[in-house]
Amino acid sequence: MSVIDDEKSPAHGGEVAKPPERGRRWRFNSPLTQVTLMGFVCFCCPGMFNALSGMGGGGQVDPTAANNANTAVYTAFTVFGVLGGAFYNVLGPRLTLAAGCSTYVLYAGSFLYYNHHHHQAFAIVAGALLGCGAGLLWAGEGAVMTSYPPPHRKGTYIALFWSIFNLGGVIGGLIPFILNYHRSSAVSVNDATYIAFMCFMFAGVLLSFGILPATSVIRNDGSKCSAVKYSKPSTEFAAVLRLFLDRKMLLIVPAAWASNFFYSYQFNNVNGLLFNLRTRGFNNVFYWGAQMVGSIAIGYIMDFSFKSRRARGFAGISLVAVIGTIIWAGGLANQHAYSFNNLPEKKLDFKDSGKEFAGPFVLYMCYGLLDAMYQSMVYWLIGALADDSQTLSRYSGFYKGVQSAGAAVAWQVDTRKVPLMSQLVINWSLTTVSYPLLVLLVYWFVKDEDDDDKGGDKV
């Protein structure tokens, strides 16, 4: 594989093209348009998947089927998340993304089937296929999101993407809330909920065909993204294997493992155990809405807080560490109120529970805020390590693969009814361990823009 870079490019991100005509406010081949479109692809597919998962148990009274399906999702994702960059580099963005998006429709359909027949096998098989497809989708997404924008505005573009993506969770939370509003005593969502999710996911398949290859995307200064000469699968596979010996990736492993590990605890054991069905949908609107706020806030810090890119990296990690510590401390206080052996007698309702509803609701919303800040921070750090789409697709795939391995373990931890307090402590500890390692990543491997221009190396 080779990447053709023109050192005279203003952004050092590829060869120089004719600058876009002045006065043209919108171009389909601009980084802004492509990242926005990528956001809507993820709005429709993983955004709706997140809303479905956020219901606790996939919207079912018994979370066992959803837990086992999610284990299948993330086990397959562990492999295809790592190999996703290889598929992206060989197939290009459109085929990679369309293949990945199609598996989300099947997964939502499996729960529609489960609503009537209560057989886990279809959901588990669909989950495994979704894990393969999600690995393709997120590798493509990572390459687009981190390599298409100008290097000095990656945090802003990540925030834009994350906001659109999480708007899918907001709308996805409204779907079960509206369709099950008058079913305050119901324990499983109705068929219309799953059908609505499937319609959005299919729209994501169609939108994915609008994503352009990197060589067709032109920045406002006239520079192109990486000019790609696609590699053989064997070449890509060998390159992916080398990531397991890459010091940069090894420093990211704890953050990647932690970044989806807490979902099973938050979705099943906070939203699922404490709130009734319609309130879970209501809560998810604010959980994913808080993610939009969090991504915008951390995007600003990572792009504009200091002139030095390294200083912005240190500032972002420090801010997330402080906020994360405060939120997990609030979770610890909340967890003292219940356990598997001491569940609330009556689940909380957003209309009927009064003041008892407020504390757990705010905590759950803050969990969403922290999730977006944490993951946006890590994506910014990955984007700061390189500027070509092949390398970044591999880095993103590695990150998603390790992330998925952690999630696969987490869903089985919940299935085996590990004490809730232990789950919380594990989640808090994993994120805390990652912060000093990310500081080392910035110190050793992230260079300031001026150093890029001089071709210097800090390692």
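Note that Cβ sites are derived from N, Cα and C of the backbone, with glycine treated the same way.
Cross-referencing 160-182, 252-274 with TrEMBL places the feature transmembrane segment at 160-182. Taking every listed stretch (97-114, 120-139, 160-182, 314-333) in turn, the largest tally of C-beta pairs under 8 A with the transmembrane segment (194-214) is reached by 97-114. Tertiary proximity for the transmembrane segment (97-114) is limited to same-chain residues at least six positions away from its ends with a CB under 8 Å from its CB atoms, namely 41, 44-46, 48-49, 52, 58-60, 65-66, 69, 73, 91, 120, 122-123, 125-127, 129-130, 132-138, 140-141, 191, 194-195, 197-198, 201-202, 204-205, 208-209, 211. Most Cβ pairs under 8 Å to the transmembrane segment (120-139), among the stretches 32-52, 160-182, 361-386, belong to 32-52.
For the transmembrane segment (160-182), same-chain residues at least 6 beyond its ends with a Cβ under 8 Å from one of its own Cβ atoms are 32, 35-36, 38-40, 42-44, 46-48, 50-52, 54-55, 59, 141, 145, 189-190, 192-193, 196-197, 200, 277-278, 280-289, 291-292, 295-296, 299, 372, 375-376.
Tallying C-beta pairs under 8 angstroms between the transmembrane segment (361-386) and each of 32-52, 285-302, 314-333, 425-446 places 285-302 first.
Of the candidate ranges 32-52, 285-302, 425-446, 425-446 has the most C-beta pairs within less than 8 angstroms of the transmembrane segment (314-333).
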